[in-house]
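Database features (Swiss-Prot):
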TRANSMEM  38-58  transmembrane segment
TRANSMEM  65-85  transmembrane segment
TRANSMEM  92-112  transmembrane segment
TRANSMEM  126-146  transmembrane segment
TRANSMEM  166-186  transmembrane segment
TRANSMEM  191-211  transmembrane segment
TRANSMEM  217-237  transmembrane segment
Amino acid sequence: MDLLLGIVQGLTEFLPISSSGHLTLLSHLLKTDLNAYQTAVLHLGTLVSVVLFALDGIRRSLRSWRIILNLIVSTIPAGVFGVLFEKQIDQLFSSPRFLPLFFSATALILMFTRYSSSGEKRMENMSFLDALLVGIAQLFALFPGISRSGITVSSLLFMKYRSEDALQYSFLMSIPVVLGAGILGLGKGNVTILAPIFAFLSGLFALYVLSRSVRSGKIWQFSYYCLFVAILSYLAG
């Protein structure tokens, strides 16, 4: 079970297909009780992999006070909403009822990127308004079925940021969110140390695939898979 959870978490955390949605669906199909706190513990494994992949972005942010301030602004919406509605969000992980809707929404967002070409804006010059908007977009990823990487990268592409900067900023945004969720989840789940290790290894592979798909402008192709999972979750419900 640890192997399965770790691989599913690692692959789906960074591919734009929603890790929380897949874990919720998997929990329902296997008749296991996997709540939001337990998925948060799995995030600790993927956190290490994203830090390794985001080293360039981390170096850039350390040289730019604007990036650091923008990351704080981008983190606030999801952080505040997650604290205020913690119980309600946790309840969404116990039922696949809304998964078809949320997976379909992710598919639609990804499909639109097919018609949005990469721009020239860089994260060093990001406005506070853009930082807030992408932070609000990340807020929706608290719902299982909405992909965090999918909605944040897509939002930045829609705002005409370079594909490389959209990737790096999305990676940087995930670090405080995943770290905070993982710390909250420590000691509250029954996931062993093996699951985060498997999540780390599969997360590295997923990050490589995501990077190639965004840089080649083919992230929209994941929309077909999200539609498939939306149908599957509807049938499973």
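Residue numbering: from 1, along the chain as shown.
Just so it is clear, glycine is given a Cβ too, placed from its N, Cα and C backbone atoms.
Tallying C-beta pairs under 8 angstroms between the transmembrane segment (217-237) and each of 65-85, 92-112, 126-146, 191-211 places 92-112 first. Residues 18, 20-21, 23-24, 66-67, 69-71, 73-78, 81-82, 89, 92-93, 98-103, 105-106, 152, 154-156, 159, 161, 169, 173, 177, 230, 233 of the same chain sit 6 or more residues outside the transmembrane segment (126-146) yet have a Cβ under 8 Å from a Cβ within it.
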